[in-house]
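Notes for the one structure printed next.
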Amino acid sequence: MKNDWPGIVQYYREYLPILPQTVPVTLGEGGTPLVPLDRVVEKLGIRLRLYAKVDGQNPTGSFKDRGMTLAVTKARERGAKALICASTGNTSASAAAYGARAGLTVYVVIPEGKIAKGKLAQAVIHNAVVIQIQGLFDEALQVVRDISATHPVALVNSVNPDRLEGQKTVAFEICDVLGHEPNYHFLPVGNAGNITASWMGYREYKMSGKLRDLPRMVGVQAEGAAPIVRGHVVEKPETIASAIRIGNPASWQGALKAASESRGDIIALSDEKILEAYWMLAKEEGVFCEPASAASLAGVIEYARNGRFLSGDVVVCTLTGHGLKDPETALSTPHSEIRVPPGKEAVLRVLGF
Ligand code: F0G
């Protein structure tokens, strides 16, 4: 059995802002699978090389771990005793886990009643102090920014540059596995840190001579929470994809820059289209991601239906979080509940034998 993946800080240390003596706080994050989506491609009826970067297979079930390992490593190195973040759920889960591992106190501020159950369970089990505010993620972020500016708590939201530095490694991994850059990279956009970080990763890999070209970056927002597409703050963001229910993204400019420099785009899609992609991944490919993550594939489907791809394009979509984070949405999928008395006969009747 192999156990030689050291986590992203150690594996990509030459690309990261750390000291030779820096000891990572790691749970073995990164090194996630790049899974071909051949059955989806068949359904779309076009010739694509389509892959999912399954970042839900990180230790706490989301891509946040890539940024959190570095942010917590550096916070500990600077002598921090406590971490704080605002979150739609995944950042808080990740901060709680890496904070626990580093022996730090973790405070998480979340919008009350608006984060998926699995994520709340993670914050609780890792012993974070969970503060639910009667407001939006955007308001929670403002609160933790203010507090960390004046009090001895390290902010680990993606406004902390260490988070983006860690998250950029997803681009390195994709290129290392493919042997080249993809033509397109699709990903969901909430606070817009991940698209900013992924684009930074591709650019740095190209500058270091590893790539010949760069992908087009396409960010996907939910229609009810699409401030970047609309060009203004959304006061009451609403979407089933609770992870990206954000009305005023912190890395707004980073997302715009990624889209324009790469000749990509930021688009908005309905919850129906996001859920269609969510179900398609699960039913056709055996890949269970959370609803927000499926926005990336929904973007690919939209591009395919509008004839935007060239035959043979290499397309990657990041699946940012694991489906088990949000069992409630999964169980809201129309399905039949079959109940029978005990015994073989009743089961056989259902099977049709
Ligand atoms: N997908 C998932 C599953 C997320 O949790 C997030 C963000 C995103 C996509 C969007 O990434 O913010 O970098 O544009 N979740 C944050 C959180 C906001 O608090 O967990 P982004």
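Each residue, glycine too, has its Cβ placed from N, Cα and C.
Per TrEMBL, the feature pyridoxal 5'-phosphate binding site maps to Asn90, Gly190, Asn191, Ala192, Gly193, Asn194, Thr320. A C-beta separation below 8 Å, combined with a sequence spacing of at least six in one chain, links Asn191 (pyridoxal 5'-phosphate binding site) to Phe137, Leu141, Asn157, Ser158, Ile246, Pro249, Ala250, Ser251.
The annotation domain 'Tryptophan synthase beta chain-like PALP' is assigned in TrEMBL to 25-321.
In the three-state DSSP scheme, Lys64 (N6-(pyridoxal phosphate)lysine) falls into the helix class. If you draw a 10 Å sphere around the CB of Lys64 (N6-(pyridoxal phosphate)lysine), it holds 34 other CB atoms from the protein chains shown. TrEMBL lists Lys64 with the feature N6-(pyridoxal phosphate)lysine.
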Residue, out of the binding-site residues Gly190, Gly193, whose Cβ gathers the largest set of other Cβ atoms within 10 Å: Gly190
Other C-beta atoms that fall within 10 angstroms of the C-beta of Thr320 (pyridoxal 5'-phosphate binding site): 29
Rounded inter-Cα distance in Å - Ala192 (pyridoxal 5'-phosphate binding site), Lys64 (N6-(pyridoxal phosphate)lysine): 12
Number of Cβ atoms other than its own within 10 Å, given for Asn194 (pyridoxal 5'-phosphate binding site): 30
Gly193 (pyridoxal 5'-phosphate binding site) to Lys64 (N6-(pyridoxal phosphate)lysine) - Cα separation in whole Å: 10
Asn194 (pyridoxal 5'-phosphate binding site) - helix vs strand vs coil (DSSP): helix
Nearest-integer angstrom distance between the alpha carbons (Cα) of Gly190 (pyridoxal 5'-phosphate binding site) and Lys64 (N6-(pyridoxal phosphate)lysine): 13
